[in-house]
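J.: So TrEMBL says this about it:
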type     : residues : note
DOMAIN   : 33-393   : domain 'Amino acid transporter transmembrane'
TRANSMEM : 38-60    : transmembrane segment
TRANSMEM : 66-91    : transmembrane segment
TRANSMEM : 112-132  : transmembrane segment
TRANSMEM : 152-171  : transmembrane segment
TRANSMEM : 178-199  : transmembrane segment
TRANSMEM : 219-240  : transmembrane segment
TRANSMEM : 261-281  : transmembrane segment
TRANSMEM : 301-319  : transmembrane segment
TRANSMEM : 347-367  : transmembrane segment
TRANSMEM : 373-392  : transmembrane segment
Amino acid sequence: MEQDYHQLEANIDHENTNKEYAPPSSAHIIGLDSWQQVGLMLVTSLNCGYVLSFSNLMLVPLGWKWGITCLLVVGFYSAYANWLLASFHYINGQRFIRYRDLMGYVYGEKMYYITWVLQFMVLTLGNMGFILFGGEALKEVNSILSDHPFRLQYFIIISGLGFFMFAFFIPTMSAMRAWIRASTVITFSYTIILLVLMIKEGKTNSAKNSYEIPGSKVGKVFNGFGAISAIVACNTTGVLPEIQSTLREPAVKNMRKAIGLQYSLGLVFYYGVSIVGYWAYGSEVSEYLPKELKGPNWIKVLINLAVFLQTIVSQHMYVTPIHETLDTNFLQLEESIHSKENIKRRIFLRFAFFAGNTFVVTALPFMGNFVNLFGSLALIPVTFVFPSMIFLKVSL
């Protein structure tokens, strides 16, 4: 089987470098981005504000031994699964820019719809989680600056409006170029500041911290599965073919370079924050790390504002595949995406999507755990099962 795989890979590379491919129909840009841009997009998007909850979400239910083991094992297999999936961007001279198209081509119409349903669930629930997280970051700023803070729902609406505006003015992944650079600076800045503060506080706290896994036996089991699901979610996107579609040739090699950047530089930061946060505060660590900080208020405000701004940029990578589907089906493809008619249609499509998600989150602001659990569970087959299925079908 290993020999068959290498032969398959050689055939893919040969086709990739010696054939001209007619690009699939899409309202978005295909095949223009560098691997550095895509790699940084992966690093900053996976180092989004969610990492500030990972100490509580992933390590508290598992403890040191199982927590670190799961981080390493899931990280390794996620990297390999994505590396494998990147190989199937071209099959039999055809380029697949959507995961559902790839699964439909290999396994038929039923798998096309199963893949799309799972992806839509992951992306939509993830977007709701981002909206909620952005609102919580703004509320934290308000709580620091005011003795009478507003309700969370007001900030959820502001967060949803910010996401809508960004999605309208930056309609595609490729259009994120300058924003990715800004997001990289913001991400590394607040992450480094947070790490320095947590290490400083951890030196005084670690001796008295408890690292016991809380809960009953049944609760520990359920929380453990939830933690493993969260580790899967922090290591993968579920939309790798859609991301790979933006890369210039050779798309397979360039995607693997971007994946290498994600699982080296990116992993160091979001695993680092998770581990240091758990070490510094123990089993009592907050579900949102900036709440633990004892430094001056201006630093807390700065970190929370940075988290909000970075969340707006990072969520765009995850939600763009839904925008691409809507744009391809409802915009006039013979015109520019910035034409007057397409602008009107794009405003309606973006507003309808974000208004719906914001309404649900505003009505159910306690849905964070639901989003994490079901979104993460839907990622498991998309990340680990489907790439192996494609390999078995194509290579045999």
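Cβ coordinates come from backbone N, Cα and C, glycine included.
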J.: May I ask you to check whether the transmembrane segment (373-392) and the transmembrane segment (152-171) make contact, with contact taken as at least three Cβ pairs under 8 Å and only pairs 6 or more apart in sequence counted?
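T.: Stretch pair does not touch.
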J.: Hey, which of 152-171, 178-199, 261-281, 301-319, 347-367 has the most Cβ-Cβ pairs under 8 Å against the transmembrane segment (66-91)?
T.: 261-281
J.: Please report, as numbers and ranges, the same-chain residues at least 6 past the borders of the transmembrane segment (112-132) whose CB is under 8 Å from any CB of it.
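T.: That would be 48-50, 99-101, 103-104, 156, 159-160, 163, 238-239, 311, 314-315, 318-319, 321-322, 354, 357-358, 360-361, 365, 367-368, 371-372, 374-375, 378-379, 381-382, 386.
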J.: Counting a contact as 3 or more Cβ pairs under 8 Å, with residues at least 6 apart in sequence, do the transmembrane segment (38-60) and the transmembrane segment (301-319) touch?
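T.: Between the transmembrane segment (301-319) and the transmembrane segment (38-60), which are separate recorded stretches, there is contact, as judged by 3 or more close Cβ pairs.
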J.: What residues in the same chain, six or more past the boundaries of the transmembrane segment (152-171), come closer than 8 Å to it by Cβ-Cβ distance?
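T.: The answer is 28, 127, 130-136, 138-139, 142, 179, 308, 311-313, 315-316, 319, 323, 327, 337, 346-347, 350-351, 353-355, 357-358, 361-362, 365.
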J.: Return the stretch with the most CB pairs under 8 A relative to the transmembrane segment (261-281), choosing among 178-199, 301-319, 347-367.
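T.: Between the candidates 178-199, 301-319, 347-367, the best contact partner of the transmembrane segment (261-281) is 178-199.
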